[in-house]
Amino acid sequence: MTKALEGIRVLDMTHVQSGPSATQLLAWLGADVVKLEAPTGDITRGQLRDLPDVDSLYFTMLNCNKRSITLNTKTERGKEILTELIRRSDVMVENFGPGAVDRMGFTWDRIRDINPRIVYASIKGFGDGPYTDFKAYEVVAQAMGGSMSTTGFEDGPPLATGAQIGDSGTGIHAVAGILAALYQRENTGRGQRVNVAMQHAVLNLCRVKLRDQQRLAHGPLAEYPNDDFGDEVPRSGNASGGGQPGWAVKCAPGGPNDYVYVIVQPVGWKPLSELIGRPELADDPEWATPEARLPQLTKMFQLIEEWSATLPKWEVLEKLNAHNIPCGPILSTKEIVEDASLVANEMVVTVPHPERGEFVTVGSPLKLSDSPVDVTSSPLLGEHNAEVYVGELGLGDEELRLLKSNGVI
């Protein structure tokens, strides 16, 4: 069976997370992703190692289904080889610091002269302006994209989210831009530049908070449990801030992740009041309608928690779902790795590795009926040098040996 992106060749000049997450997704969709690394390798190969002298999980979990070649692009011969790789590629992706690829001698004008059909994607921290040259990391993007100021509790400091919305979130946005550019190329015959900034991607994921910033001009946000409102959207703990109020309520026996997130819809109030042993609240004018409950959300969830705290979260989940009440248990990372349904859906997969033996990673969240994903191991450093340089670029075995001895690869 062919893959969705079969025949698309991606020159992957990315490192760390924002770029590799994008190119891994392209590889899962069937593209031939050739990861170009300096002879010393992507820095994450050696970061946060759990085992000595093997590629770290940080690297392996972001670089599955790729091939790896090494190249010193600072050498003249390295630049010549890079030129040929660009000429043969459909997509080029990089996430170096601003201007780094230009300083190599490969401006966008030169790249499109080499290959007018190439889609050239760049991931940076920020767009054009005063922040352009700032260094960006995951939490920096969260800080400057609206996430941290709105995450946490009202009386606490700004908090980072555990989800990598600045890195992997940006990678997903980059993939959308790349696919759109490839599709447009079918009509125009030419490639184009795709620019994605981490700050912009985080902001896109925080759009509901900008919605609420504008709503503040008309008064307090009733859907928030906060006592006070200024002229900025406040942090509101676990409140959804949407039309259907929600909160994480404690469950037995009281461990750090013994919680269930419960959403109270209008239709769910009657069965919920019966479940918690307060059936009279279904008809009580002070509780019966969403409008009546809105000013006392904190008290409402306290009543629910008095019930949920006596039961394990899986029993709470079962009872709530029996009445079609939206809810979800807070799953720890250990529970996620062991979740049978996630394994069955190939979202948690075990991958063989030539040096590690095997490792557990996240599978593709995109399920295409005609392009199934088989997650394969990340490549060893330079594993495909001979395959690409000799087999595809036509270099001789002796030249390959000289390139290695001269530090070009």
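Each residue, glycine too, has its Cβ placed from N, Cα and C.
Feature annotations, reproduced from Swiss-Prot:
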type	residues	note
ACT_SITE	Asp167	active site, nucleophile
BINDING	Gln17, Ser18, Leu71, Asn72, Thr73, Lys74, Asn95, Phe96, Gly97, Arg103, Lys135, Ala136, Tyr137, Glu138	CoA binding site
BINDING	Gly242, Gly243, Gln244	substrate binding site
REGION	221-245	region 'Disordered'
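A Cβ within 8 Å of the Cβ centre of Gly242, Gly243, Gln244, the residues given for substrate, is found for these other residues of the same chain: Glu223, Ser240, Pro245, Gly246, Ile263. Using Asp167 (active site, nucleophile) as the reference Cα, a 10 A cut-off selects Gln17, Tyr137 from the binding-site residues Gln17, Leu71, Tyr137, Gly242. Look at the Cβ of each of the binding-site residues Gln17, Thr73, Asn95 and count the other Cβ atoms within 10 Å; the largest number goes with Asn95. Neighbour list (Lys135 (CoA binding site), Cβ cut-off 8 Å, at least 6 residues apart, same chain): Gly97, Gly125. In this structure the C-alpha atoms belonging to Tyr137 (CoA binding site) and Gln244 (substrate binding site) are separated by 33 Å.
If you compare Cα positions, Gln244 (substrate binding site) sits closest to Gln17 out of the binding-site residues Gln17, Leu71, Thr73, Asn95. Listed binding-site residues: Tyr137, Gly242, Gly243. The one with the lowest count of other Cβ atoms within 10 Å of its Cβ is Gly243.
Within 10 Å of the Cβ of Gly97 (CoA binding site) there are 13 other Cβ atoms, across all protein chains. The record assigns Gln17, Ser18, Leu71, Asn72, Thr73, Lys74, Asn95, Phe96, Gly97, Arg103, Lys135, Ala136, Tyr137, Glu138 to the CoA binding site, and the maximum Cα to Cα distance across that set is 28 Å. Note: the CA-CA distance between Asn95 (CoA binding site) and Gly242 (substrate binding site) rounds to 35 Å. In this structure, the recorded positions under consideration are Leu71, Asp167, Gln244, and the one with the smallest number of other Cβ atoms within 10 Å of its Cβ is Gln244.
Here the CA atom of Gly242 (substrate binding site) lies 31 Å from the CA atom of Gln17 (CoA binding site). Cα of Thr73 (CoA binding site) to Cα of Gly242 (substrate binding site): a span of 50 Å. Gly243 (substrate binding site) and Leu71 (CoA binding site) are 53 Å apart (CA-CA, integer value).
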